[in-house]
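Asks: Pasting the relevant annotations from TrEMBL:
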- 2-108: domain 'RNA polymerase Rpb1' (DOMAIN)
- 136-240: domain 'RNA polymerase Rpb1' (DOMAIN)
- 247-274: domain 'RNA polymerase Rpb1' (DOMAIN)
Amino acid sequence: VVPQPAILKPKPLWSGKQILSMCIPRGIFLQRLDGSLLSPKDSGMLIVNGEIMFGVVNKATVGASAGGLIHTVMREKGPTVCAQLFGNIQKVVNYWLLHNGFSIGIGDAIADSATMKTITETIAVAKEKVQEVIIDAQNNLLEAEPGMTVRESFEQKVSKLLNEARDSAGKSAETSLKDSNNVKQMVTAGSKGSYINISQMSACVGQQIVEGKRINFGFADRSLPHFTKDDYSAESKGFVENSYLRGLTPQEFFFHAMAGREGLIDTAVKTAET
């Protein structure tokens, strides 16, 4: 039965919620509230007698999660109705994608110039702070943290500064993207991707880790022949300050490949173990 359209004038129009509500069987009630009390966004979900009142359909609602829509329909209405629900939702979604399409382009990773300036400043400040820590260490002014050697304390301090810079840069990039941004929509809906992906694409890739540490000195007190000896700076030890959008320098690319290779080997070995 086609419901009354939500919009009557200038011409009858049905809302997306109404169309999706037609997939859901009557007698289904579901309430999932967003964490914050007064949520300005259309988040969470309320279904009354099979009608969507408010909310977005994301992974938490229709994913394989306890108390989600699929779970509720299966418990209340049984497997046949649940299978029909799957089919109905698929039909609606496929039809929508056929007519509208959904893709992401390089434009979805571009933050505005003001944000880029903020990000560059954030990273520059962090690198200055790291330089100060290095000078302190060279002048024997570093206090060892409890239960750590001076060298471990130094590494921990530097990592903390660089990680904070990466997170802060990522937040700036994420906030600057509009809600209509396709990458952001994908992350919010829980289909694919994470906020870390956004921050690495738009803001800063961050510290590369090999064997749980920053990049080690491979030969003659340096990580690559392009650095001076005993260089403990962020760049020399594998901090990638560029984003994937801006592109990595050859050194950054090499360090990134080192970390990536370790990940690949880990995955292969874990498979063999299990």
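Including glycine, each Cβ sits where the backbone N, Cα and C put it.
In TrEMBL, annotation is done automatically, which means it is predicted and not curated.
Note that this is a predicted model, so its numbers are computed, not measured.
A description of the local structural setting of each listed feature is requested, covering burial, neighbours and distances.
Replies: In the domain 'RNA polymerase Rpb1' (2-108), helix, strand and coil residues by DSSP number 44 helix, 14 strand, 49 coil.
Taken together, the residues in the domain 'RNA polymerase Rpb1' (136-240) have a mean pLDDT of 93 on the 0 to 100 scale.
Long-range contacts of the domain 'RNA polymerase Rpb1' (247-274) within the same chain: residues 205, 208-211, 215, 223-224, 226-227, 235, 238, 240-241, each at least 6 residues beyond the stretch ends and with a Cβ under 8 Å from a Cβ of the stretch.
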